[in-house]
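A quick write-up on the structure given underneath.
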Amino acid sequence: MSGMRTLGEFIVEKQADFPHASGDLSSLLSSIRLAAKIVNREINKAGLVDITGAAGVENIQGEVQQKLDVYANEKFKSALEARDQVCGVASEEEDEAVAFNKELNKNAKYVVLMDPLDGSSNIDVNVSVGTIFSIYRRVSPIGTPPTQEDFLQPGHKQVAAGYIIYGSSTMLVYTTGNGVNGFTYDPSLGTFCLSHENMMIPQNGNIYSINEGNYIRFPMGVKKYIKYCQENVPEDGRPYTSRYIGSLVADFHRNLLKGGIYLYPSTQSHPQGKLRLLYECNPMAFLIEQAGGLASDGVNRILDLKPTELHQRVPFFVGSTNMVKKVEEFLEVYRDEA
């Protein structure tokens, strides 16, 4: 392919985008790239070897861990610990943040938060899954163990974030705060190649993504917004199309490319929402804003929320700017109604 650029080449080219450019972030992203290849290889074996199904234990959220959750968590942790840029990680699959105590990691500048395998319950039925990651500069002194404060930073302090989607093709999409770029994995070469440069989400979309099976439990503002999406107003592009996969990465990726909104509101059973702020919502919010969209909890900008705990949950509305603004309007009008 003429002019093809690999992820490694692109990272080095764009190193100057990072305010403290020294090659550390490039090396960190390289470790994520390596782990993604390993996890991708294992996912592609699903159904051939005993890696699907439940692992028989629950994570801190009370969710049954899938075997591939555990596998992906260990591979990403190992890849990050093997470089000298990361002093600790926080993961959906770990009760507490994990400090890397090797001599190698003592002077590391970064912490990584991740959902190692989002949508893993879909593996058994061959539906797209993904990895989400978020990178911060530590705030504690270099040379000391990482602290809780290193991980509980608001999203606007992220220095990089991204996701890997394991689907019909495997893609890695990331930002360092200077636009969003996507790379497709070429298995014949064993490398990620630039396929989607400077990704931008349309300001308007015609796709809404929400689990309508929970409709009865939604806030009134969300119910009214869904009805708005379903109204027959051709001059306004409505009714919109409903598309919901049940894998955040897959739903987000489609809407990023096509234009749309993903909604996971609070419900009666989950009044604080269900998605985790630090390693699901913040990285996706960083990406969508860099792509020209918006991310909100229904009232506030996601990236401005101050985390108080590692596995904190929030309502989440993310996607095309005008669609997110519209759902915020409905939530404001019907705020006092159940």
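Note that Cβ sites are derived from N, Cα and C of the backbone, with glycine treated the same way.
According to Swiss-Prot, the protein carries these features:
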| type | residues | note |
| --- | --- | --- |
| BINDING | Glu92, Asp115, Leu117 | Mg(2+) 1 binding site |
| BINDING | Asp115, Asp118, Glu280 | Mg(2+) 2 binding site |
| BINDING | Asp118, Gly119, Ser120, Ser121, Asn211, Tyr244, Tyr262, Leu263, Tyr264, Lys274 | substrate binding site |
Would you mind listing, in sequence order, the residues at least six apart from Asn211 (substrate binding site) in the same chain with a Cβ closer than 8 Å to its Cβ? Tyr244, Gly246, Tyr264
Cβ-Cβ under 8 Å from Asp118 (Mg(2+) 2 binding site), same chain, 6 or more residues apart: which ones? Val129, Gly130, Thr131, Ile132, Tyr163, Ser247, Leu248, Val249, Glu280
Hey, how far is Leu117 (Mg(2+) 1 binding site) from Tyr262 (substrate binding site), Cα to Cα, in Å? 19
If you count, for each of the binding-site residues Glu92, Asp115, the other Cβ atoms lying within 10 Å of its Cβ, which residue has the minimum? Glu92
Please list residues from the chain of Tyr262 (substrate binding site) whose Cβ is under 8 angstroms from its Cβ, counting only those at least six apart in sequence. Ser209, Ile210, Leu248, Asp251, Phe252, Asn255, Phe316, Phe317, Val318, Gly319
One should report the C-alpha separation between Ser120 (substrate binding site) and Glu92 (Mg(2+) 1 binding site), rounded to whole angstrom, as 12
Counting every protein chain shown, other Cβ atoms within 10 Å of the Cβ of Glu280 (Mg(2+) 2 binding site) number 26
